[in-house]
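All remarks here apply to the structure that follows.
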Protein chains: 2
Amino acid sequence: MVAPLKVGLAGLGTVGGSVAQLLHRQESNAPESNVLGARCGRPVRLVAVSAKAESEMQALGIPGLRWVASPQALATDPEIDAFVELMGGEGDPAKSAIEAALSSGKPVVTANKALIARHGVALATLAERSGAALNFEAAVGGAIPVVKTLREGFAGNSFDRVYGILNGTCNYILSRMESEKLSFADCLREAQRLGYAEANPTFDVDGHDTAQKIAILASLAFGVQVDPDAVYVEGISSITPEDLAAAAELGYRIKLLGVAVRTESGIEQRVHPTMVRLDSPLAQVMGVTNAVTIDPAGFSPITLVGPGAGGAATASAVVADLADIARGARVRPFARPVADLAGSRRAPMQRHEGGYYIRLLAVDRPGTFATIARHLADEQISLESIVQRRRNGGPHGGDDPDGTQSPAPIILVTYATTEDAVRKALREIKNRGVIAGNPQVIRIEKN
Amino acid sequence: MVAPLKVGLAGLGTVGGSVAQLLHRQESNAPESNVLGARCGRPVRLVAVSAKAESEMQALGIPGLRWVASPQALATDPEIDAFVELMGGEGDPAKSAIEAALSSGKPVVTANKALIARHGVALATLAERSGAALNFEAAVGGAIPVVKTLREGFAGNSFDRVYGILNGTCNYILSRMESEKLSFADCLREAQRLGYAEANPTFDVDGHDTAQKIAILASLAFGVQVDPDAVYVEGISSITPEDLAAAAELGYRIKLLGVAVRTESGIEQRVHPTMVRLDSPLAQVMGVTNAVTIDPAGFSPITLVGPGAGGAATASAVVADLADIARGARVRPFARPVADLAGSRRAPMQRHEGGYYIRLLAVDRPGTFATIARHLADEQISLESIVQRRRNGGPHGGDDPDGTQSPAPIILVTYATTEDAVRKALREIKNRGVIAGNPQVIRIEKN
């Protein structure tokens with residue numbers, strides 16, 4: 001057998017530990033059971049590690065590993081052929097270690113979505129200059145091979161849209177809210193208790209994690225520079241069990257989606273709660289599972305579904321990236337030369353076109369619905385569905401204990417229109433005093 | 001830009017024509033719109049073609065193509081760098097042309113599942129000897145990148161099972177039978193009218209197409225020699241609308257699946273109508289769409305869904321394979337060295353373990369059910385569900401016009417047992433004369 005690929009690994013958290021064990025297990029196998037070596041044509045050997053404390057390395061129980069205190073020193077260590085960065089964080093030490101490796105021509109594998117989203121263009125430029133690989137399959141969708149699929153699987157195709165469920169925490173919360181009719185706050189607490197949500201959940205539930213991931217996929221699919229600031233972002237905290245129930249009744253389910261789509265005004269990148277049709281593949285994806293749908297120009301969509309997180313699943317993607325390096329694969333980090341990547345700019349959401357779900361609390365008095373209907377018509381908004389239910393007892397609204405009628409919810413689903421038109425109509429409707437509170441607005445994504 | 005990859009293409013049917021147009025379109029684009037060239041780092045250029053008649057080449061309307069009458073001559077043409085075989089058929093001229101290309105060290109792309117299933121080991125041996133690539137993404141699942149995913153995406157993983165819906169015709173027929181409550185024969189005629197089924201549909205509906213495809217996936221996933229004769233095969237012609245309705249009622253849907261699974265007695269490969277749980281990703285796949293689920297050892301499954309056929313979808317896979325060649329990717333045809341592939345042998349189905357759906361027509365007389373129950377118990381078969389409905393009027397069965405009672409259908413769902421036990425019990429039950437006709441037996445696949 002030819003010379004092994006000697007690997008240096010920085011970061012021994014859940015994923016790093018899983019990668020170390022997976023590589024060790026393969027190397028400890030009898031040659032005929034070393035599937036990784038057989039698939040690469042050479043052994044892939046972990047030789048040196050770096051972590052916060054040397055005790056983390058000892059805890060692995062893997063003999064013969066060399067300790068290197070500084071990740072940056074490990075990245076340029078002459079004994080290693082490839083550098084794996086699993087420390088996380090968009091700044092140093094991850095960034096400077098990867099820069100050092102790429103500058104010295106060493107191939108890099110990372111699961112660091114924040115770093116790739118924020119500094120992907122600069123890092124890809126370094127990689128291109130030295131000819132080193134920069135692989136980040138594990139940065140998006142865990143074990144789902146979506147980076148490879150977009151980078152290599154459709155080399156001759158253009159895409160109309162790439163969109164998906166990219167954050168397991170949010171999908172878990174929305175799934176539980178729907179099945180148990182719980183509030184967002186209750187579900188979040190439950191998710192935290194079970195370890196599906198961080199103590200500080202903002203990054204996940206406000207959509208920023210999804211934004212970093214869709215920015216990476218947008219770059220791969222559409223040849224734009226990766227830039228999370230070009231992504232419009234809305235989180236899921238405003239979603240109520242009533243929205244989820246109304247969605248189901250109308251044949252939809254609410255998911256937090258990352259969407260990158262080709263429009264007349266450029267590539268629109270956005271993250272927001274979205275109504276997807278119940279019969280779409282994404283609507284079926286419940287719990288912490290991730291999924292991505294790719295709409296190629298010219299034929300029907302491809303959907304990839306799988307575990308988006310977890311040590312073993314993420315380690316699987318990291319090791320597949322190492323295998324590509326071991327085999328000498330030469331694919332550019334974002335598929336095309338960096339010089340070919342177009343600038344990313346934030347799409348003006350007021351020009352977004354699509355259908356909308358709108359939930360209003362209508363004040364119970366004559367002419368309310370006529371006022372609402374008139375302002376929608378003024379903006380050329382046509383309605384696909386209108387749902388208004390009588391509430392406990394009253395023909396239009398329920399009686400409050402003090403005898404007055406409480407506002408009645410009205411659900412509207414529009415045909416395709418513009419965000420601008422919807423916002424204007426709702427502003428007018430609110431100004432007329434015929435609704436209580438703020439309307440809930442959720443965009444509909446066609447499948 | 002570096003030298004183009006010069007391609008010779010044999011076969012100008014639907015897929016061949018789409019490949020030719022896709023390559024031509026890319027090359028006609030301005031350099032900045034040639035995504036294929038940008039993704040490969042070099043142009044991919046169609047230079048010569050072979051087909052049944054030269055008029056097929058002229059009909060493409062692509063200028064500058066060279067006509068080569070013999071596919072075999074094209075395969076070794078000194079002017080081409082890669083040979084694309086889209087003639088089909090497991091014998092010559094496809095086989096000898098591919099052999100000629102590989103022997104002379106020219107990389108080959110083919111969509112020919114029959115050829116790869118039947119002669120994959122021999123062809124991979126030739127490819128290994130000369131170092132030429134042999135890529136066949138389009139042979140399984142059309143545009144779904146399942147070959148790449150199994151060959152490269154999980155390099156460090158072992159698999160427990162790979163299974164999927166691999167034949168669009170069968171899935172279309174089963175979907176229509178369920179939604180329209182039509183018989184198999186009526187649906188098949190409809191599918192033929194719409195062009196979803198061949199005039200001679202045997203190859204599809206009897207499961208042989210699926211068998212070739214699962215044999216290929218089994219080889220990639222489990223490192224066994226590809227061999228369609230190692231696959232147990234049953235088609236869908238025995239399925240009735242009653243089975244589909246009963247399945248739905250029990251929380252299942254019936255799909256024709258190809259399944260390759262690691263068992264104690266080796267890799268079991270089989271194709272048969274299968275009950276899958278309604279909440280599984282495969283159950284959601286309707287119409288001509290294909291889907292594959294990969295169960296890796298150690299984490300949750302990955303499912304890939306997409307168009308399994310059609311000119312543009314299949315051409316997309318062929319061109320992605322060419323792109324890998326243009327970039328110089330070096331992956332073995334079946335991921336591992338041919339010498340490492342284990343022999344495939346047909347699994348003894350009598351030892352198959354799993355749950356079973358059984359539909360019987362019970363003769364209406366006292367003790368019938370007791371007899372059935374006793375023979376199942378004798379074989380240690382436990383029942384998860386029993387469904388027996390009164391028919392029009394009678395408590396046990398409907399009255400025929402002549403006054404006798406017609407047999408009543410009984411649906412049984414067993415817990416995991418062995419095929420042997422089920423067959424024995426049903427033989428005994430039939431010998432007792434308590435059922436009419438032959439029992440319907442459908443295996444259940446867990447998700």
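Cβ atoms are placed via backbone N, Cα and C, with glycine included.
Sequence annotations record features per position, and here TrEMBL assigns NADP(+) binding site to B:A10, B:G11, B:L12, B:G13, B:T14, B:V15, B:G16, B:G17. Neighbour density for B:A10 (NADP(+) binding site): within 10 A of its CB lie 27 other CB atoms from the protein chains shown.
The NADPH binding site annotation in TrEMBL covers B:K113. B:K113 (NADPH binding site): 24 other CB atoms within 10 A of its CB, across all protein chains.
Under DSSP, B:E198 (L-homoserine binding site) is assigned to coil, being neither helix nor strand in the three-state scheme. Within the same chain, the residues at least 6 positions away from B:E198 (L-homoserine binding site) whose Cβ sits under 8 Å from its Cβ are B:T169, B:Q192, B:D204, listed in sequence order. If you look up TrEMBL, you'll see B:E198 marked as L-homoserine binding site.
DSSP assigns B:K213 (active site, proton donor) to a helix. Of all the Cβ atoms in the protein chains shown, 27 others lie within 10 Å of the Cβ of B:K213 (active site, proton donor). The active site, proton donor annotation in TrEMBL covers B:K213.
The feature domain 'ACT' is assigned by TrEMBL to B:357-443.
The DSSP breakdown of the domain 'ACT' (B:357-443), given as helix, strand and coil counts, is 24 helix, 32 strand, 31 coil. The residues near the NADP(+) site, meaning same-chain residues not in B:A10, B:G11, B:L12, B:G13, B:T14, B:V15, B:G16, B:G17 whose C-beta sits within 8 angstroms of the mean position of the site's C-beta atoms, are B:L9, B:S18, B:V19, B:A20, B:A51, B:L86, B:M87, in sequence order. Here the binding-site residues are B:G11, B:G13, B:G16; the one with the fewest Cβ atoms within 10 Å of its Cβ is B:G13. The separation of B:K213 (active site, proton donor) from B:T14 (NADP(+) binding site), Cα to Cα, is 20 Å.
Mapped onto three states, the DSSP output places B:G13 (NADP(+) binding site) in coil. Here B:G17 (NADP(+) binding site) comes close to B:L60, B:G311: these same-chain residues lie at least six apart in sequence, with C-beta atoms under 8 angstroms from its C-beta. A 10 Å cutoff on Cβ-Cβ distances gives B:T14 (NADP(+) binding site) a total of 15 other Cβ atoms nearby, all chains included. When the Cα of B:K213 (active site, proton donor) is compared against those of the binding-site residues B:V15, B:G16, B:K113, the shortest separation belongs to B:K113. Of all Cβ atoms in the shown protein chains, 23 besides its own fall within 10 Å of the Cβ of B:L12 (NADP(+) binding site).
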